[in-house]
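S.K.: First, the structure itself, so that you have it in front of you.
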Amino acid sequence: MNFKKLPKIELHCHLDGSLRIDTILDIAKKDNIPLPSYNKKELINYVSIMDDCNSLDEYLNKFFIPNKVMQTKENLKRIAFELLEDVAADNVKYIEVRFAPLLHVEKGLNIEEIIESVLAGIKEAEKLYDIKGNLILGCMRNMDIPSAFEVVKKGAKFIGKGVVAIDLCAGEEPHFPGKYIEVLKLAKECGYRITIHAGEAGVGENVLEAINLLNAERIGHGIYIKNCAEAYKLVKEKNIPLEVCPTSNLHTKAFESYETHPFMDFLKDGIKVTINTDNMTVSNTTITKELEMLNKFCGLSIEDYKILYLNAVEASFASPETKEILKSYANEITA
C-alpha cells in the first residue's frame, strides 16, 4: 500500500522537534553557535533518537540544540517555512504546528515578534505549496504560572491570524491540570481552542482532569486512558480526539512495541484517534512512516486510514471552509 501518495493531516507536530539537520548546521555556522559536532552524522545523535531512549525526560533533552538556532526572526521564519515544505512533500494537506514562544527569547525577541516570525514562515509556504497551516502556542509546564499567562495574553492578538489554540507541554506530573485552571479559563475567554498534553507518561487521570478542569477539546497523546477507566469512558462519551504519536510513544518508553501500543484498540472501539509525528527529527519519522509501521505491525487497512483522516478533519482547529476542502481529499484515499 502506497501511503506516501495519500492525503494527510498533522495535528501534533512540534516545531523545535522537526528541524532539518542541515539547517541546524547552517544556522550554527552563520550565527557562530557552538555545537557538540559540526559533522552531520555525529550531530544526528544529539538531536534524534537513533537506537534507544529510556524516558520522556531523556527524549526532551534532544530539544536543547535545535532551540539554540531558533532565537532570531529570520531563523524562526526559515524553520517554519521548511517544516511546511517538508510535510507538503509527504502530501500533508493541513498541519497545526505547535511551539512554545518563551523558548525563543534568549537573544531579546519578544513574544509577539516570535509568533509573527513563525506565522510568516507558514504563510510563505502556503503560497508555494498545496498546504494550509495554523499555529498552536505552548505553555511550558516547567516554567512558572505567570509565564503561561504571558503567552496567553500576548498571543491572543494573533487569534484569527494563524494562531488557533493553546497547549500545555513539557514533562508530565500527576494532577498538573489543577495548577492551570485560571490560565486556561482566560485562554477560553480570549478565543483560543484548547489541546492539552496529558496521559503521555503513565498518568491516565491527567486526561480526566484536563477535560474536566481545563476544558480540553483535544488531548495530546492520551494513551494512558487505557489504565484509567473513568478517563477512557469520558473520552469516548465526549468524543474527545486523541493526537496519538506511536513512534514517539515507543521512544519515551510508554510502550515497548507497535504491537503493544493501544492505538488500534482505541480505533476499533470508536475512540476518535488521529495519527501524528510529534517530532519529525527527534523521532526520525513522518506521517507516512507512522502509517507504514501501523500497517506492518498492527494491520492498519486503507479503510482504517480513511477513518483516521476524517477524524483528523473533524478534530482540527481549521476554519469551516478549510475543513470542507480537506474533506474533499478523502475521495483520494484508495488502495
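Keep in mind that glycine also has a Cβ here, set from the backbone N, Cα and C atoms.
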S.K.: Looking at Swiss-Prot, which one out of ASP278, ASP304 binds Zn(2+) in the same site as HIS12, HIS14, HIS197?
M.R.: ASP278
S.K.: Could you measure between GLU200 (active site, proton donor) and HIS221 (site 'Important for catalytic activity') for me? Cα positions, answer in whole angstrom.
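M.R.: About 5 Å separate the Cα atoms of these two residues.
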S.K.: Other than HIS12, HIS14, HIS197, ASP278, which residues of the chain come within 8 Å of the Zn(2+) site, judged by Cβ distance to the Cβ centroid of those residues?
M.R.: CYS13, GLY17, ARG98, CYS169, GLY220, HIS221, GLU243, CYS245, SER248, ASN276, ASN279
S.K.: Here are some recorded positions: ASP16, GLU200, ASP278. Which one has the most Cβ atoms within 10 Å of its Cβ?
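M.R.: Of the recorded positions ASP16, GLU200, ASP278, the highest Cβ count within 10 Å belongs to ASP278.
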S.K.: Run through HIS12, HIS14, ASP16, HIS197, ASP278 for me and report the binding-site residues whose CA is within 10 Å of the CA of HIS221 (site 'Important for catalytic activity'), in sequence order.
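M.R.: Final answer, ordered: HIS12, HIS197, ASP278.
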S.K.: Rounded to a whole number, how many Å is the Cα of ASP278 (Zn(2+) binding site) away from the Cα of ASP16 (substrate binding site)?
M.R.: 10
